[in-house]
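Participant: Let me give you the structure first, and then I'll get to my questions.
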């Protein structure tokens, strides 16, 4: 590899998920199956919400965007990972590497803010039900989504711009199965101090601040739910929040474990395994989490299925 990333011929080798040849085929089949389920599940959710007249409230508007984002950031990583199970050397150009990192960051950061926006929607629905249609109007929801995507583009641009000016001359092997920030920083022979500061600040805002906002919202939500006198009302309110709380916990828990831990607390091999969870498993689980416990989604799916059978 060239001693600097400014050469058009600069290349990296992705170490991959495992170095054991006997696991290549089983892992390929496993992640291919997961990716197929992810694509079918998220595309199905998007089309179901778009075509069903029942799924018009703002929560489903946000859910369709969540499915889109899950589909996108999974597609940025998983196809390349599947291809890399085949050749012996998993070569990726510097431009392809930076592009992969850029789009991955856009969608992962956007998902964090989107989950926070969805939490605000639940807060208004439960704590301010009489004002819900006014506060969560279509215009407000559209503005919120514009902010979500804008923040994703902004922070991803900051990270990748700083990454693109680094020189990589120590090694050409990335100890990961995709181009993530931390493995790339370890390969740089120029100062990464600014990159590390940006990672800490931006990561703190994107993860810790949004997590805190979610926790505060849920404190108000649970307080309002406990004030409901009927058991049926409490059960229904808890049901509307449980799916989102599970999705939020899995996503932010995985991200926090990956990027906000002591450097020596785990090996790179363990980091690969944990990153698989939020890159491939979470996008597959989200449509299931939101549909299995949601009567409106299940009823809309049944209605659409019956309509096709009758036609």
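Placement of Cβ uses the backbone N, Cα and C atoms for every residue, glycine included.
Taken from Swiss-Prot, the feature disulfide bond covers 97-189, and the record attributes it to sequence analysis. Feature annotation from Swiss-Prot assigns N-linked glycosylation site to 5. The topological domain 'Extracellular' feature in Swiss-Prot is assigned to 1-25, 76-99, 161-197, 259-271. Marked as topological domain 'Cytoplasmic' by Swiss-Prot on the basis of sequence analysis: 47-54, 121-139, 218-237, 293-311. The transmembrane segment annotation in Swiss-Prot covers 26-46, 55-75, 100-120, 140-160, 198-217, 238-258, 272-292.
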Participant: Tell me, by DSSP, whether residue 97 (disulfide bond) is helix, strand or coil?
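Facilitator: In three-state terms, residue 97 (disulfide bond) counts as helix.
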Participant: Most Cβ neighbours within 10 Å: which of the disulfide-bonded residues 97, 189 is it?
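Facilitator: The residue with the most neighbouring Cβ atoms within 10 Å is 97.
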Participant: For residue 189 (disulfide bond), which DSSP three-state class applies?
Facilitator: coil
Participant: Could you tell me whether the transmembrane segment (238-258) and the transmembrane segment (198-217) have 3+ CB pairs under 8 A, leaving out pairs under 6 positions apart?
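Facilitator: Taking Cβ pairs at least 6 residues apart, the transmembrane segment (238-258) and the transmembrane segment (198-217) are in contact, with 3 or more under 8 Å.
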Participant: Six or more residues beyond either end and a Cβ under 8 Å away: which residues meet both conditions relative to the transmembrane segment (238-258)?
Facilitator: 108, 111-112, 115, 118-119, 122, 125-126, 207-208, 210-211, 214, 218, 221, 225, 271, 274-275, 277-278, 282, 285-286, 289-290, 293-294
Participant: In terms of Cβ proximity under 8 Å, which residues at least six beyond the ends of the topological domain 'Cytoplasmic' (121-139) contact it?
Facilitator: 58-59, 61-62, 217, 220-221, 224-225, 237, 240-241, 244
Participant: Under the DSSP assignment, what numbers of helix, strand and coil residues are found in the topological domain 'Cytoplasmic' (47-54)?
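Facilitator: The counts are 5 helix, 0 strand, 3 coil.
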Participant: Would you kindly list the residues that approach the topological domain 'Cytoplasmic' (218-237) from elsewhere in its chain, counting only those six or more residues past its ends and only Cβ-Cβ distances under 8 Å?
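Facilitator: Long-range Cβ neighbours of the topological domain 'Cytoplasmic' (218-237): 119, 122-123, 126-127, 245.
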Participant: Going by DSSP, how much of the topological domain 'Cytoplasmic' (218-237) is helix, how much is strand and how much is coil, in residues?
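Facilitator: Per DSSP, the residues of the topological domain 'Cytoplasmic' (218-237) fall into 16 helix, 0 strand, 4 coil.
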